[in-house]
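Annotated features, as they stand in TrEMBL:
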type     : residues  : note
TRANSMEM : A:30-51   : transmembrane segment
TRANSMEM : A:57-80   : transmembrane segment
TRANSMEM : A:87-103  : transmembrane segment
TRANSMEM : A:123-140 : transmembrane segment
TRANSMEM : A:147-166 : transmembrane segment
TRANSMEM : A:186-207 : transmembrane segment
TRANSMEM : A:228-245 : transmembrane segment
TRANSMEM : A:251-268 : transmembrane segment
TRANSMEM : A:275-296 : transmembrane segment
TRANSMEM : A:362-383 : transmembrane segment
TRANSMEM : A:395-416 : transmembrane segment
TRANSMEM : A:428-447 : transmembrane segment
Amino acid sequence: MTTPKIVADTSVIKTMRKLRIPQTERNRELSLLVLAFIVNIVMVLLVQLGATGAIDTTLVSLTATLAALVLGLHVCLRYVAPKADPLLLPIVSVLNGIGVAMIYRLDIAEGYTGWDAFSTRQIVWSAIAIIAAITVILVVRNHRVLFRYTYVFGFSAFVLLLLPLIPGLGRRVNGAQVWIGIGDVLTFQPGEVAKIALAIFFAGYLVRTRDSLSLVGRRFLGIQFPRLRDLGPIVVVWALSMGVIVFQRDLGTALLYFGMFTVMIYVATGRLSWVLIGLGLFGGGAAIASQSLTYVNGRFNNWLDAFSQEVYDAQGGSFQLLQGIFGLAHGGLVGTGLGQGRPAITPLAESDYIIASLGEELGLAGLFAILALYLVFVGRGIRVGFMDGDDFGKLLSLGLAFTVALQVFIMVGGVTRVIPLTGLTTPFLAAGGSSLVANWIIVALLLRVSDSAKPARNTEVSA
Amino acid sequence: MNKELRRVSVVVVAMFAALFMSTSVITVFQADSLAADPRNSRTLYDSYRTERGPILAGSEVIAQSVATGDRFAFQRQYPEAELYAAVTGYFNPTQGSSGIERSMNDLLSGTSNLQFLDEINRIISGQPPKGAAVQVTVDPAVQRAAFDALGDMSGSVVAIEPATGRILAMVSTPTYDPNALAGTDTQAVIGNYNALLEDEGDPLINRGIAGDLNPPGSTFKLVVATAAFESGEYAPETQLPNPASLTLPGTNTPVFNSGRGQCGGGGDTVSIADAIRYSCNIPFAELGLRLGDDAIRETAERYGFNESLSIPLSVESSVYPQVLDTPQTGLSSFGQSDVRATPLQMAMVSAGIANDGELMTPGLVDEVTGRNLEPLQTFEPSVLRTTSTPETAESITQAMIASVSSGAATNARIDGVSVAGKTGTAENGTGDPYTLWFTGFAPAEDPQVAVAVVIEDGGGRGQDGSGNALAAPVAKKVLEAVLNE
């Protein structure tokens, strides 16, 4: 960044120079952010006009506060990651705002106010999440530091996953034992943070061992299969995922972890056999689970036979799923308009079914826009892998971006009956603090990796 | 690594393509069938948002929608609830409906095909949804006169304009308050509904057109007389045997005239005209036996028996049995045995006679007007059937006039107006209270209104009441209400 002409390089001069250098990426980000903030505030206003017919400035100012925090993150990026991808932050800002507006809309429908309101908690968690992202971007100045602690992250992920199973600390919510709580006040899903630790661990581990994983083995049916003893890692991850299914009763999280690992090992080794082994292992495990575990079996029934009256009436049956689908259908092509539908009829409309709620009021047009935002976000994450940079960074950003894609697929696909519905969160949209914090940290890491991956010559500026 | 990344990108795009497809399928291709799913409460809630059109009688609003401010948005209000209950029925968004509210629901709620253009206009101009207004044919003055005249008695009055078929009054007592069933508090509504169901007076039943139908008694003689005159073998002055009692072939129980004597002033024979005038059972039993049940059934069916009708409220069909043996034919000739009739049916008999043998299709809906006051549907008088020749109608009219002026129906007399009428006092079983009837029309030479009155449970007087004592005065009030306008 510094030019050779200046010898006496004080921090003051450095700062002044940084301010002087035209930061194309950051300026582009800023203009997109302004657009995102306008969208967010207008959505809140439309919700108020649509649902109550009056304007209440409290939530507008709270949304503006979040915008200010995002601006803070933007300013930090100008200093510590000026070449980071300019699309990531505006996309997640607008998604986060859409989520807040819809959750607020549901609060109005349910009559929740103050701290009882999901929207209030969502805004506070968003603030915490953005601050966490700022912290990560400030502390982790170089993502290669993370590579050094590969096994520490692996161990932490393991511990985080086990936390909810500790008696007294774990909480069971909607059947899944994935929460920890201190008293009744603070509850957290450590699995959300664990997925980041796992991504770092997988990336570090695979970069270290990929040669032995990819080069040795025998060919069978034209595909090179690994040696039996190299199957160790995938079996361990598989066992971990199955453990999540059996002990934490959380199908979605297991699918998420395993999908992330399979994709990362495939990209690291370039061996399709790993994908086949992975699909085989997980498919077999899921098949056995669907037969032997009643909750998994119920999920499959709800999926395949959603419209049968028997399944609809059953305890934990397809009632919620169908109400969500009715909501989507009610929205049609252009939606009922914000504040004018009836998304609150669907249970869990603010979390599992947030996408159905959005579909009802914003219509297919709105859903396509949201899905397109996710697609661009994931695309920008994968794009880092195509650029000049270290393999650890490439693998890490691929893993993180793919978890977002997979999570969107599992949730939207679950609500729209592409796959059985499992309880995950729709990233950035759904009500839930742990998910917000984890996903904003993912954004920070993607920003960090994308900043370093950018080839220097592309951003060279004349002083 | 790039090759693998590209493949992963393809997988990601495929995953999202699946989501684009699944959301499109649900929101567009399956939207209609999903909206029609009975478990989809959103469709139901949407219907609440519509301001149902009002129901009007004359210049009176008898049903209207008022804003509630809750999720139902509107609720029905009935200003003259008990007076018009038989006409309006009730409407509850979740618990059902009856009466005009039910049979005109698609127009009142704005979902009828007739309102399609209206609806498009509305969406473009951004107006709130609103249903059409239904103007009923009921005349408030006639309705009120009928309601007041019935008082505490259980029964019904139906009045028809003979020349058009317009129903001028339809009252059923005991009545109920539709407002009690229109509320949005579901539990309260269900409680009220169950209380009305258990009420011994059966207030929810519209006796004008449905319920446990009553035997028409002597009013049915009008139908038998029509059959006789139409056969060409009988005239008003045709003489019939006049014994004091008649044991029907194949039975041991004798049939008597009311009063247990001979018909009229006595003598060996009596004319058909006098048998109508004095309402004698024995001559009519003899006449019925001579005509046979097929001829009577054919005439009865021309008046509307054995046929259900939509006015557009659905009318239970009055009954002249399909198979009758000889004694049953005799008994049914004066409206006993298994003959059953609604007041609307008996009013139609009078209306047919009054309109020179042309029975007009009865109807309750005068006009339906859309949100911009454009007429969507108008009452078009139509002939239901020709019931007799004008000559037959005239002969029966003369006998009915005589019955009111100096016969068995004198309590329907109105000064200065010639009233044609026929009473009925039907037996329901040994010791059970009589069913009291009156049907007729006025003025006889230019009929403005045909009416039928039924009073159940003997009007509270057991077997002491008669059609002339209790039903004729009610009919008189109704006829006067029309003639005074």
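Glycine is no exception: its Cβ is also placed from the backbone N, Cα and C atoms.
Model, not experiment: these values are computed from the prediction.
Counting Cβ pairs closer than 8 Å and at least 6 residues apart in sequence, the transmembrane segment (A:428-447) and the transmembrane segment (A:251-268) reach fewer than three and form no contact. Counting same-chain residues at least six beyond the ends of the transmembrane segment (A:147-166), those with a Cβ under 8 angstroms from any Cβ of the stretch are 177-180, 189-191, 193-195, 197-198, 200-201, 203-205, 207-208, 240, 244, 247-248, 392. Counted over residue pairs separated by six or more positions, the transmembrane segment (A:186-207) shares at least 3 Cβ pairs under 8 angstroms with the transmembrane segment (A:395-416), which defines the two as touching. The highest tally of CB pairs under 8 A with the transmembrane segment (A:275-296), across A:30-51, A:123-140, A:251-268, A:395-416, is held by A:251-268. Proximity of distant same-chain residues to the transmembrane segment (A:30-51), defined by a Cβ-Cβ separation under 8 Å and at least 6 residues beyond the stretch ends, is recorded for 59-60, 63-64, 66-67, 70-71, 74, 86-87, 89-91, 93-94, 96-98, 100-102, 104-105, 108-109, 337-340.
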